[in-house]
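The structure appears below as structure tokens.
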Amino acid sequence: MDRRIFGLENEYGVTCVFRGQRRLSPDEVARYLFRRVVSWGRSSNVFLKNGARLYLDVGSHPEYATPECDSVPDLVTHDKAGERILEGLLVEAERRLREEGIAGDIHLFKNNTDSAGNSYGCHENYLVGRHGEFSRLADVLVPFLVSRQILCGAGKVLQTPRGAVYCISQRAEHIWESVSSATTRSRPIINTRDEPHADAERFRRLHVIVGDSNMSETTMLLKLGSTDLVLRMIEAGVVLRDMSLENPIRAIREVSHDMTCQRRIKLANGREVSALDIQREYYSKAVEFVERRGGDAVAKRVLDLWGRTLLAIETEDLELVAREIDWVTKFVLIDRFRLKHGLSLASPRVAELDLKYHDIHRDRGLYYRMERAGLVERVTRDLDIFEAKSVPPQTTRARLRGEFIKRAQEKRRDFTVDWVHLKLNDQAQRTVLCKDPFRSVDDRVDKLIASM
């Protein structure tokens, strides 16, 4: 696929505290957060004029689904725009709490686990052709995705019966199947539920739910860009060595608990390899592929960071990527904090630091304090993120949805939209079906907008 449609869905952890004590239940916090949304959208499940979807997911987790993007840097920008939109709701909700005499700070965390052991996700979406054999795609991808956490894990201090350990991935402990149609009960690596949100005869949506939510823009770029390159190789018929794992679910935990990434995991054919070996295999094939086929600046940046991350792990010189890879950035931060204050990894102050890294409030979150201090690399710019809060991507179907919503709101017209349908709720009940996610111009939508 020369052009691919990408999308990201992030669920956020939410809490309201006053002097360190929980003040409101997650349900109550969510109600305050979404009050403004419900007042204009008459629902806690809405599409926005930038083409994105904002809603309350199971368990009172705010979720932001980006509009369809056709480039990875665009997707990073729109994912960050989702953070800013939620930060705006947070500030508004805190103001309303104060007006009602309730003291407390609301925190939104872009992470994947809470203190009670619940998990919530970051779901990646990649459009693939319908003609390919989906089971083969999954077979090749599972070993890649199990080992990919060494590139893009968000890092976590995990309290175990044997003491605290630093894990590479937050999500790894909560994955129970390789491939399945469920998302919550069994939490697979790849979700096979067939909902393309596009022409089902031409397209299929690959729904990857194994990844961690990332604060780092560069980690996000690597996560999405490396996966796109592996998909391109599969689509082009590149022969990849069989890396099928004997037990992917055991392997994903073993990889997460081994910061050296050298621990051997068993393949289905009896061989034993490390996560580093598996990633090296995919990486070297991707380098050859791009050299042969040619690649744009994004592919080259992805390959550069991919190679440097593997080198940093191999040589145990994590500082090489401490500005670019979430789990490394956070580990270095925690390590320095512990040394400075003489703390063990099990210290509550370390747990607090771990959580603060993911706080999306730019005045409180540790990641954003590091960003302001110039301690992390970037992919996008604040100006582009600000624009993406209200302007959809201009080269995908999201543009049509965004324009329709914007005009309907300006004209105070009642409307219903989803990923594929645009509908005016007037007597004629006019509906336009947009089945091609690559199409950003459509006469039928123009006519519908002009009729308002």
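Backbone N, Cα and C atoms are what each Cβ position is placed from, and that goes for glycine too.
Taking Cβ-Cβ distances under 8 Å and a sequence gap of 6 or more within the same chain, the neighbours of GLU9 (Mg(2+) binding site) are GLU63, TYR64, ALA65, THR66, GLY121, CYS122, HIS123, ASN125. Residues or ranges marked as Mg(2+) binding site in Swiss-Prot (evidence: sequence analysis): GLU9, TYR55, GLU63.
The local packing around ARG53 (ATP binding site), expressed as other Cβ atoms within 10 Å of its Cβ over all shown chains, amounts to 20. In this structure, ARG53 (ATP binding site) is part of a beta strand by DSSP. Per Swiss-Prot, ATP binding site is recorded for ARG53, THR66, TRP419.
Residues annotated as active site, proton acceptor in Swiss-Prot: ASP57. Applying an 8 A CB threshold to same-chain residues 6+ apart, the list for ASP57 (active site, proton acceptor) reads GLU11, GLU63, TYR120.
Set side by side, the binding-site residues TYR55, TRP419 differ in how many other CB atoms lie within 10 angstroms of their CB, and the most is found at TRP419.
It is 14 Å from the Cα atom of TYR55 (Mg(2+) binding site) to that of TRP419 (ATP binding site). Of all the Cβ atoms in the protein chains shown, 20 others lie within 10 Å of the Cβ of GLU63 (Mg(2+) binding site). Taking every pair among ARG53, THR66, TRP419, the residues recorded as binding ATP, the greatest CA to CA distance is 11 Å.
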